[in-house]
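Summarising the annotation, TrEMBL assigns domain 'G-protein coupled receptors family 1 profile' to 41-301. Positions annotated as transmembrane segment by TrEMBL: 26-50, 62-90, 102-129, 150-170, 198-226, 246-271.
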Amino acid sequence: MNSSKSPGLAGFGVLKNTTCHTEKKISVFFSIIFMTVGILSNSLAIVILMKAYQRFRQKSKASFLLLASGLVVTDLFGHLINGAIAVFVYASDKDWIRFNQSNILCSVFGICMVFFGLCPLFLGSVMAVERCIGVTKPIFHSTKMTSRHVKMMLTMVCLFAVLIALLPILRFRAYQIQASRTWCFYKTEHVEDWEDRFYLLLFSCLGFLALAISFLCNAVTGITLLRVKFKSQQRQGRSHHFEMIIQLLAIMCVSCICWSPFLVTMARIGINEGRSKETCETILFALRMATWNQILDPWVYILLRKAVLKNLYKITSGCCGVHVINLHMWELSSIKNSLKIAAISESPVSSKQINPQPLSSRGQ
């Protein structure tokens with residue numbers, strides 16, 4: 001009987017002859033630690049982002065904060081749901097035959113693994129696109145990128161990730177219990193059917209595409225900001241752009257480091273149609289690396305904030321014996337001034353309404 005088309009027996013073949021064993025106490029310990037640290041970190045990041053959103057309701061930064069909040073909330077629920085299921089599996093001694101007769105738990109676990117894996121990558125790329133538009137097309141961003149549009153984008157990203165996660169179920173292809181008997185995912189053992197290969201390659205390609213979009217958009221944003229910095233003497237209001245691009249670059253680097261091993265492993269299995277003796281351990285290592293992405297993401301917003309970076313700059317300058325220069329670029333990070341400068345630079349009609357206030361503030 002083809003186990004991929006029989007939901008009641010899907011994946012149980014790996015329970016009899018498995019070559020991948022994990023130490024129960026160590027695995028449970030790491031699962032609980034990862035889940036707890038992830039929940040606490042993401043909860044703290046949500047509080048920080050919500051306070052920042054209440055303080056900055058202007059469109060230029062509000063859209064970025066909404067997307068960042070969506071990313072952190074997704075990571076939080078990923079740790080909460082996937083972590084709870086993993087701890088339950090370990091607590092039940094990985095006896096899937098006893099508590100997964102109808103394969104419901106494995107299907108839910110597999111759907112959650114795919115959704116909470118792809119959704120943060122998609123949101124990271126959307127945040128990079130949003131910031132690229134905000135820097136290169138500030139007038140369009142300020143008039144078209146409203147909170148309603150951002151919420152629609154969040155909804156569409158989540159629905160697309162849900163569709164990808166439900167695709168095997170809609171095609172009557174059950175998620176498989178993996179060789180370690182600790183989690184469920186696409187079929188990774190004895191992959192011969194083209195559809196099983198398609199799911200693995202689709203997951204990997206979408207993940208790499210999201211990382212590529214983030215890289216390209218962040219590169220364009222960074223180059224644009226550097227050109228504006230060197231060509232224009234009006235630096236007021238630009239610091240929040242640099243703050244957000246630093247956060248985006250950190251998110252992109254964390255995602256690339258954490259997700260690349262897992263995406264490469266899934267792509268290799270899908271292309272080679274087979275698996276080596278080390279594949280099970282390789283997959284477990286790559287999976288744990290990917291889990292760290294959801295732990296490190298919130299710390300980007302906790303640590304890479306304007307106040308923290310400013311204090312670190314002062315401490316570093318003091319330790320190195322370098323005189324601390326005037327940080328008016330950070331202290332005058334008013335989004336309202338940024339939008340005004342952007343509007344004046346692109347709209348000749350508004351040149352008559354220039355307020356001499358920036359000149360007086362620069363003199364201070």
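Cβ from N, Cα, C; glycine included.
Predicted automatically and left uncurated, TrEMBL annotations should be read as such.
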Across the domain 'G-protein coupled receptors family 1 profile' (41-301), average pLDDT on the 0 to 100 scale
86
Given the transmembrane segment (198-226), its same-chain partners at Cβ distance under 8 Å and 6+ residues beyond its ends are 114, 117-118, 121-122, 124-125, 127-129, 131-132, 135-136, 164, 167-168, 173, 186-188, 191, 238, 241-242, 245, 248-249, 251-252, 255-256, 259-260, 263-264, 266-267, 269-271
Examine the transmembrane segment (102-129) against the transmembrane segment (246-271) and state whether at least 3 Cβ pairs sit under 8 A, considering only residue pairs 6 or more apart.
yes
Residues from the same chain, set at least six apart from the ends of the transmembrane segment (62-90), whose C-beta lies under 8 A from its own:
24, 27-28, 31-32, 34-35, 38-39, 42-43, 45-46, 49-50, 52-53, 56, 96, 105, 108-109, 112-113, 116, 119-120, 123-124, 126-127, 130-131, 134, 141, 145-147, 149-151, 153-154, 157-158, 181-183, 244, 247, 251, 294-295, 297-298, 301
List, by number or range, the same-chain residues at least 6 past the transmembrane segment (246-271) whose CB is under 8 A from its CB atoms?
68, 71, 117, 120-121, 124, 127-128, 131, 186, 188, 191, 196-201, 203-205, 207-208, 211, 214-215, 218, 221-222, 279, 282-283, 285-287, 289-293, 296-297, 300-301, 304, 309
